[in-house]
Amino acid sequence: MGKSVVVLGAQWGDEGKGKIVDLLTDRVKYVVRYQGGHNAGHTLIINGEKTVLRLIPSGILRENVTCLIGNGVVLSPTALMQEMGELESRGINVRERLLISEACPLILPYHVAMDKARESALGNKAIGTTGRGIGPAYEDKVARRGLRVGDLFDKELFAEKLKNILDYYNFQLVHYYKAEAVDYQKTLDEVFAVADIITAMVADVSTILDIARKKGDNILFEGAQGTMLDIDQGTYPYVTSSNTTAGGVSTGAGFGPRHIDYVLGIIKAYCTRVGGGPFTTELFDDVGAEIARKGNEFGAVTGRPRRCGWFDAVAIKRAIQTNSISGFCMTKLDVLDGFHEIKICVGYKMPNGEIAEYAPLAAKDWEGVEPIYETLPGWQENTFGITDVNQLPENTRNYIKRIEEVTGVPIAILSTGPDRVETMILNDPFAV
């Protein structure tokens, strides 16, 4: 009987999902993206060769895998063509192995222009978006005015819809944000130049998945960003514009929730965050700088430096409850090599003096929150590239065990380096 496994970020994104998805895809027939857009980069290193995927599922590097982009993904034709070109130049057959839902909202130049105009207007109160038009595209979807992949089949109607929506956007860009208008003909020409390529890959993703499940095929759902950036369950308003939690699989790919067998939450051995928003365990000292240096903590898409801090078990508990996480994969364990002490946040001291074991929902409720730490001895040995858990230093194993105890979730996979071989699978999600 086949298994359906969700791989998602349990923190604020950048946990190393791409490597783990790639690692597990030798077991699956389908890899599915179900939310987000090209705003999150999934970095894979295979035999020393680096690949950054932003939109196409990470399974594309496995020849036997079919990749699906579900309706919950906002799709930029420009980004898709660029990524396809990069992969095809390396001999990877994308067009015959990538299928796209006709219900995917399109990201077009006016979305990008609006995204950048808004962030500029907010100044130092900016949310910290990637400026790739993700939020405005989701707005159009909810407002039921957006153009979708399926609209590309009728070019005359597409052109008419585009004119109406561009009038709406340009009025705001010019008169409210004092920005340049987006050119209608240029936008239309750019989309039509690639429309036939995209429509040739259109398929009924939900039905494909249902048939695959009934046949007993293994399916992997690849999440983007992280749980604490979920539009509903994250630190609002410092969140992304999609549902990054496991529930997004049902709404973003048309896959029934009862058919999900395992949810693998990806966690770093510490915490990072890009952009604004609450971060209780953030470090502003030399320790934080050293974690950032050793972990090479810069965004795969934006290049922005990531904020770094100790592991936050309180925030993780919210991820566990909202995702029904079955097991964790801990990445970047080797980054903590050499520290004399390592801390785990096990509680929050609220401004009123109360102790909280679960993270607040809204960003405003995090103000004045202080972390309550448990300190563990570190280790001086090198763990980089270790693939046998018994070869890990005793203090490393104690740290892992303590995180399991505090969170109540077992660690199924350990990653000690960026390459797919630098991994320990303690409990295979597809074998459970």
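Note that Cβ sites are derived from N, Cα and C of the backbone, with glycine treated the same way.
From a predicted model like this one, the values you see are computed outputs, not experimental measurements.
The GTP binding site annotation in Swiss-Prot covers 13-19, 41-43, Arg306, 332-334, 415-417 and rests on sequence analysis. With a cut-off of 8 Å between CB atoms and residues at least 6 apart in sequence, the same chain places Ala40, Ala224, Gln225, Gly226, Leu229, Thr244, Arg273, Val274 near Gly13 (GTP binding site), listed in sequence order.
A 10 Å cutoff on Cβ-Cβ distances gives Asp14 (active site, proton acceptor) a total of 28 other Cβ atoms nearby, all chains included. Annotation source Swiss-Prot lists active site, proton acceptor at Asp14.
DSSP assigns Gly41 (Mg(2+) binding site) to coil in the three-state reduction, outside any helix or strand. Taking all protein chains in view, 19 other C-beta atoms sit within 10 angstroms of the C-beta of Gly41 (Mg(2+) binding site). Annotation comment: Swiss-Prot describes Asp14, Gly41 as Mg(2+) binding site, evidence class sequence analysis.
Swiss-Prot lists Asp14, Glu15, Gly16, Lys17, Asn39, Ala40, Gly41, His42, Thr130, Arg144, Gln225, Thr240, Arg304 with the feature IMP binding site, giving sequence analysis as the kind of evidence. Non-local contacts of Arg304 (IMP binding site) by the CB criterion (under 8 A, 6+ apart in sequence, same chain) comprise Val274, Gly275, Phe298.
Summarising the annotation, Swiss-Prot assigns active site, proton donor to His42.
Sequence annotations record features per position, and here Swiss-Prot assigns substrate binding site to Ala300, Val301, Thr302, Gly303, Arg304, Pro305, Arg306 based on sequence analysis.
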- Note on the structure: Simplified DSSP label at Gly13 (GTP binding site) comes out coil
- Message: Cβ neighbours within 10 Å, counted over all protein chains: which one of the binding-site residues Gly16, Gly303, Pro305 has the most?
- Response: Gly16
- Starting from Gly41 (Mg(2+) binding site), work out which of the recorded positions listed here (Asp14, Lys19, Pro305, Arg306) have their Cα within 10 Å, and give them in sequence order. Asp14
- Note on the structure: Using a 10 Å radius on the Cβ of Arg306 (substrate binding site), the other Cβ atoms enclosed count 20
